[in-house]
Amino acid sequence: MKKCQHLETKSSELECHLKSSVTECMTSIKTGDADAITVDGEHVYLAGLINYDLHPIIAENNKAVCSYAVAVVKSDTDFSINDLKGKTSCHSCYQSPGGWNIPIGRLVAQNKLPWDGPDDMPLEKAVSQFFLSSCIPGISKALYPHLCQACQGDCSCSQNEKYSGDEGALQCLKSGHGQVAFMCQDGIPSSERQNYQLLCMDGSRKSVEEYKDCYLAKEPHHAVITRKDADSQHIYKVLKQILVCQSSEYLFSSAAFGGKDLMFSDATTELIEFRCQKPFGALSIYIYLIENMIACCIYNFLSAGNPPAPRQDGKIEWCTISHAEQQKCDNLQIPSMECRRASSVEECIKKIMEADALAVDGGEVYIAGKCGLVPVMVEQSNQRKNEHYLIFHKSVRKPYFVVAVVRKGSGVTWNTLKGRKSCHTGLNRNAGWKVPDSAICGKTPDCTLYNFFSKGCAPGADPQSNMCELCKGSGKVVGDESKCKASSGEIYYGYDGAFRCLAEKTGEVAFIKHTIVGDYTDGKGPDWAKDLKSEDFELICPESPDTTVKHTEFGKCNLAKVPAHAVITREDARKDVVNILKQAQVSSLQFCVDFPVIFSFVFHTICI
């Protein structure tokens with residue numbers, strides 16, 4: 001705040017507002033109380049994906065000094081990165097690149113931290129079983145108290161937690177509350193570097209000065225975000241004016257204000273304005289921001305080794321995630337496309353190192369992007385003509401609305417949601433989890449969907465949690481290994497599954513995309529939905545907290561817009577995938593093959 005107040009004296013057009021966290025700042029920007037903030041790559045993504053509707057307008061450029069995520073230990077210790085099990089850990093912030101995504105992703109990818117994927121247990125639970133105790137500011141203290149045990153505050157990513165941020169993580173290590181700190185290398189003061197060493201992925205240790213030879217991954221660039229209706233050029237001009245008139249040391253130095261990386265990274269050399277007006281949203285720009293991030297990703301998607309050489313016969317291999325999807329893929333009978341089976345989207349992303357393509361939702365495009373995969377085509381629909389088709393991903397792509405659906409006459413409203421039974425497409429899915437989590441718990445400390453709802457079905461959640469209580473698996477009474485799995489073996493998985501959970505009165509609210517009610521009612525659905533009427537389902541939302549609205553009014557009653565689904569592949573397979581899908585699409589309606597029981601498989605469409 002001191003730095004911002006100092007800059008206020010240099011520009012009459014700059015005004016400072018103090019908030020306790022990045023998310024509070026993003027909320028203020030959304031409501032118009034503030035205009036801009038500098039955030040890391042993760043928050044660039046979150047600001048655009050969930051219910052903030054912000055986008056990046058300016059990127060930091062720090063070519064002279066890259067930011068590296070590192071594992072820091074005291075010099076007088078003698079363990080390596082292979083000995084971390086049972087140690088105490090300090091993290092800059094939950095879901096931040098340097099404090100969580102990169103280190104945990106690398107530990108999992110290198111099999112140093114055991115985890116068999118979300119079907120086995122949540123990643124957070126695996127981390128809590130791996131470390132003796134931790135301080136991971138921002139993680140749910142109620143769900144994972146072990147991961148807040150080493151903290152000295154409220155375990156939030158804010159000024160209320162002493163060990164929050166890079167400085168906090170280092171202080172956690174320095175004070176003896178942790179034995180290893182996951183943070184950015186430039187967060188270690190030069191005067192203290194002799195007191196610490198870095199853990200290298202090969203099992204060795206190096207001095208802090210040798211960070212370029214001993215790091216976990218490079219950090220993505222930071223960016224300035226604002227509302228989409230804000231005058232981004234004016235914001236850029238104000239900052240440029242300070243740079244021109246007062247020199248860069250005012251904007252890109254924090255030492256005089258008793259801190260580090262205040263407002264902007266201290267290593268920044270210039271600001272670059274985004275002039276790209278392509279309608280990709282924050283997701284595409286975020287992928288640009290993290291192009292130098294080489295961590296595999298949080299999940300153990302990619303195996304070691306190089307990707308396969310491109311096929312010489314021009315064929316592609318499509319990855320499917322269920323028997324039904326495999327059937328539809330086989331029934332397409334496209335000579336140039338072979339079908340390969342996996343148990344989940346996560347496994348398919350891993351298999352694309354062997355196979356070629358997969359259709360995923362917007363959130364999975366983001367995850368796949370961090371794993372080195374690229375979107376080549378996106379789904380588009382014209383509901384008036386009941387058409388569904390694929391277009392190149394660089395074309396205009398229409399997002400979909402996330403809605404909260406209830407049964408008409410149930411008495412459920414937005415204000416009476418707490419304690420109800422919920423239906424979700426899957427854990428950490430956009431429509432089913434991330435968006436409702438933001439809408440419901442975004443402004444409430446210690447709120448999680450786990451403690452907000454009495455019980456629910458969120459495939460992929462901890463099988464012992466209340467978010468698996470309502471799941472039915474394949475429908476067996478006992479011994480059902482598919483229960484709460486993030487795959488089609490769980491009948492309540494995905495959009496249709498979450499809606500089915502509501503329709504069968506298992507749950508009281510379903511978080512799905514806006515087209516699902518119309519697609520699965522009035523005789524258009526599979527056998528389980530044949531008697532459903534669209535008029536029996538309504539929407540609830542924060543804008544109408546005490547009432548319900550018709551399901552067709554999703555434009556004014558929704559939780560957020562999210563990116564369209566996309567086809568992802570490896571860069572080397574892009575050309576073959578596009579050519580084959582274009583040929584099949586032009587020559588026939590094979591993607592909407594008449595397969596009456598199977599609807600949203602292979603492509604997320606309803607075929608009439």
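Just so it is clear, glycine is given a Cβ too, placed from its N, Cα and C backbone atoms.
TrEMBL: automatically predicted annotations, no manual curation.
Note that the structure is a prediction, hence the values are computed from the model and not measured.
Taken residue by residue with DSSP, Y400 (Fe(3+) 1 binding site) is part of a strand. The Fe(3+) 1 binding site annotation in TrEMBL covers D40, H222, D361, Y400, H565.
The feature hydrogencarbonate binding site is assigned by TrEMBL to G99, T425, R429, A431, G432. Annotation note: R429 (hydrogencarbonate binding site) sits in a coil segment as assigned by DSSP.
According to DSSP, Y495 (Fe(3+) 2 binding site) is assigned to a helical segment. The feature Fe(3+) 2 binding site is assigned by TrEMBL to Y495.
Residues annotated as disulfide bond in TrEMBL: C4-C16 (among others). According to DSSP, C16 (disulfide bond) sits in a coil region rather than a helix or strand.
Cβ-based neighbour count (10 Å, all protein chains) for C172 (disulfide bond) stands at 30. As annotated by TrEMBL, disulfide bond applies to C90-C172 (among others).
The feature disulfide bond is assigned by TrEMBL to C135-C151 (among others). In the three-state DSSP assignment, the secondary structure recorded for C135 (disulfide bond) is strand.
The annotation disulfide bond is assigned in TrEMBL to C148-C155 (among others). Long-range neighbours of C148 (disulfide bond) (same chain, six or more residues apart, CB within less than 8 Å of its CB): S134, C135, I136, I139, K141, C155.
Summarising the annotation, TrEMBL assigns disulfide bond to C200-C214 (among others). Annotation note: C200 (disulfide bond) sits in a coil segment as assigned by DSSP. Around C200 (disulfide bond), the same-chain residues six or more apart in sequence whose CB sits under 8 Å from its CB are I81, K206, D213, C214, listed in sequence order.
Per TrEMBL, disulfide bond is recorded for C319-C348 (among others).
The disulfide bond annotation in TrEMBL covers C329-C339 (among others).
Reduced to three states, the DSSP call for C501 (disulfide bond) is helix. Feature annotation from TrEMBL assigns disulfide bond to C423-C501 (among others).
The feature disulfide bond is assigned by TrEMBL to C457-C471 (among others). C457 (disulfide bond) carries a strand DSSP state (E or B). Take the CB of C457 (disulfide bond) and look out to 10 A: across all protein chains shown you find 32 other CB atoms.
DSSP assigns C468 (disulfide bond) to a helix in the three-state reduction. Annotated disulfide bond per TrEMBL: C468-C484 (among others), in sequence order.
Under the heading disulfide bond, TrEMBL lists C541-C557 (among others). Spatially close to C557 (disulfide bond) yet at least six residues away along the chain are V403, L539, I540, C541, E543, S544, V549, judged by Cβ distances under 8 angstroms.
A mean pLDDT of 79 is what the model gives for the domain 'Transferrin-like' (1-288). Look at TrEMBL and you will find 1-288 (among others) tagged as domain 'Transferrin-like'.
The domain 'Transferrin-like' annotation in TrEMBL covers 316-608 (among others).
For C501 (disulfide bond), the nearest of the binding-site residues G99, Y400, Y495 in terms of C-alpha separation is Y495. Residues G99, T425, R429, A431, G432, recorded as binding hydrogencarbonate, reach a greatest CA to CA spacing of 28 Å. A sphere of 10 angstroms centred on the C-beta of C90 (disulfide bond) encloses 28 other C-beta atoms. In this structure, the C-alpha atom of C90 (disulfide bond) lies 39 angstrom from that of Y400 (Fe(3+) 1 binding site). Counting Cβ atoms from all protein chains shown, G432 (hydrogencarbonate binding site) has 32 others lying within 10 Å of its own Cβ.
Comparing Cα positions, C16 (disulfide bond) lies closest to G99 out of the binding-site residues G99, R429, A431, G432, Y495.
Looking only at the recorded positions C172, H222, C339, Y495, the one with its C-alpha closest to G432 (hydrogencarbonate binding site) is Y495. Proximity note: of the listed recorded positions (C151, Y400, R429), C151 have a CA within 10 Å of the CA of C172 (disulfide bond), given in sequence order. Across the structure, C423 (disulfide bond) and Y495 (Fe(3+) 2 binding site) are spaced 10 Å apart at their Cα atoms.
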